[in-house]
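Taken from Swiss-Prot, the feature Mg(2+) binding site covers Asp483, Asp489. Per Swiss-Prot, compositional bias 'Basic and acidic residues' is recorded for 702-720. The feature domain 'KH' is assigned by Swiss-Prot to 550-609. Residues annotated as domain 'S1 motif' in Swiss-Prot: 619-687. Positions annotated as region 'Disordered' by Swiss-Prot: 684-732.
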Amino acid sequence: MHRIERTFAGRPLVIETGRMAKQAAGSAVVQFGETMVLAAVTVSENQSPLPFFPLTVEYKEKTYAAGKIPGGFIKREGRPHDHEILAARIIDRSIRPLFPEGFKNEVQVFIYVISADQENDADVLALVAASFALNASKIPFLGPIAGVRVGRVQGHWVLNPTFQQLGFSDLELVVAGSKDSIVMVEGGSLEVSEEDVLESLRLSHDGIRELIGMQEELLAKVRVPKMSWVKAEAPEGITTRVKELASGRIREALNQKDKHTRIEAVERTKKELAEGLLVEFPDNAKDIGNLLGDVEYHELRSQVLDTQLRVDGRKKDEVRAISIDTSVLPRAHGSALFTRGQTQALVAATLGTAKDAQRLDSIKEPGEVTRSFMLHYNFPPFSTGEVRPMRGTSRREIGHGNLAERALQGVLPDFADFPYTIRIVSDVLESNGSSSMASVCGGSLSLFDAGVPLKAAVAGVAMGLIKEGERYAILTDILGTEDHLGDMDFKVAGTKDGITSIQMDIKIEGLDIKIMEEALSQAKAGRLHILGEMDKALAAPREDLSKYAPRIVTVQIPVDKIGELIGPKGKNIRGIQDETGAELSVEDDGTVTIAAVGGDSMERAKQMVMAITAEPVVGETYEGTVKTVTAFGAFVEIMPGNEALLHVSEMRWERVEKPEDVVKKGDRVTVKLVDRDERGRLRLSMKALLPKPEGMPDEPPQSERPRRDDGERSGGDRGGRGGRNGGGRDRR
């Protein structure tokens, strides 16, 4: 076993190898605090026939890592949760560009989180572990790389902040890089400036270099020879001939504004060229197909670099035409149809109650994690005119949805001010690049349409890069073709005041911060243009919620009244819900949330809650219901759960022989609360609300009257039933 330990970001960080998973091609354990991850990598001995590099990354959080047992009926880990898929994507996107071009042996990277201290996140540790395991194996890999998380707490930059620190941070970025450049960025923020993002990247790169130094020191002791492999190369004569015949024709085919016209023209041209070339080279069909693809790749790139114009005729910094429709779905709480060029998203916002929040088990928290905001992104095959199998939500859909969700998260109102669970669904109806950013724009508009008081509108734009040596071009609002044949996909979302979400993937070994600085500046200009177009359609949240959305109000009740509100076996709260149609939820701190479609039922439910939990006030008049009639009076419910004695002598100024001559069970009576004794028992009076007949002598209040010997007693001697406050609780 080999091991290295250093202090990183104020805590011990350990990398070790040779103790676990020794039959894998390479393995490593990384520990930070008491969080530990195991990475194990394997490789196929033979090249895959697939036209792409078959890399698989699996990231799994073991519940035993936090001393937990999985919830549900089946007590074992199942399919990956969203956050595990997102962590796997971060690792995949960071390491994929660093495998040699042409290497197509299948590689699998497995990450297990085997200890979780609920302070330090494991995803950046997993990136370090994967890098070390690959470098310590026979797999060719142009590393090492490392990843860090950066936050800013009260103006101070923090590397690998704890979960508690992240709760106070206005920025959270995961950054991966090599010694010389950045290879991946992912994160969100609260409207921070481009300058702040760049500063965080510089700080992150310093931490990355430190972690790479640790890896290199340990790799010097354990590195093994790399496996031999041969890059498939076409014969030189075929390569030259394909370039001669294809370059001009493919460039001409590429220059079509419409996506499908372009694709059809390029494919038709390639087919015609291939048929002619096969006459000359009948045994090299595969080489000819690959070389024609290479020509397409180089022609698109050289056109942009040579002419500064793109295949659809736009300039480098030009955004496609935008059209926006809002309120397109009459029953949805908020909706928008956002179209940019040939990319279109139908986005709907739904408002729900706290009961609609998502509750998740997590090894990062002692208890459940609750999500009251969700954005779900769907990318059906018809959006690109394709036919493909549907196998549930893809990793790409989860990743794009998370990016768009994070873009909007920072501008939502506080839950205390707007106590709704919010779900946004973005259905991509057409796609020709940047559908996730269309989802951001459509999501912001749908929330405005729903009347959600966002702090500001949010827009997003996808930036691209074409780089050949020292020449490069940064492209705004990239097409699908530019994404496929370019070197970078850099998505930036935010408001007019700052960035709220960012994601960068590259296909080359890395980018220096100078290019990223230019890309951020150009992205800001594009974002402001898009925000201007959105303002023309809907500049602010609508003043009222949809008539189909629930109205929610919160009231605070004393904690000791929670039991009375709920009632025996939930009787009281169910009664309110059944009578009003409202939905009630009660928190442990006495916060009661009332939700109803329609203001009348909500107000009625609110009054009933306040009636149950309010304290009767001596001297106030109440409308009550006679619950019981006895020989000495009646018991009247003046508030739900609060019954008080209406003594026979308090029914009329004149003498009443039989209480049932005045009131009957079920009667609604108006009474005045005249007394509450030291034991909390309540006494009512009807006659106090009636004019006193002339000449009638004053009587002492009942509390001062002597006990009678005819069996008639004051209500307080009935064991407390007549005067108790909160009788509903005593009955349970």
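Even glycines carry a Cβ here, placed using N, Cα and C.
Source: prediction; values computed, not measured.
Neighbour counts of Cβ atoms within 10 Å were compared across the binding-site residues Asp483, Asp489; the minimum falls on Asp483. DSSP assignment over the domain 'S1 motif' (619-687) gives 7 helix, 36 strand, 26 coil. Under DSSP, residues within the domain 'KH' (550-609) fall into helix, strand and coil as 32 helix, 16 strand, 12 coil. Under DSSP, Asp489 (Mg(2+) binding site) is assigned to a strand (E or B) in the three-state scheme. If you take every residue in the domain 'S1 motif' (619-687) and average the pLDDT, you get 88. According to DSSP, Asp483 (Mg(2+) binding site) sits within a helical segment.
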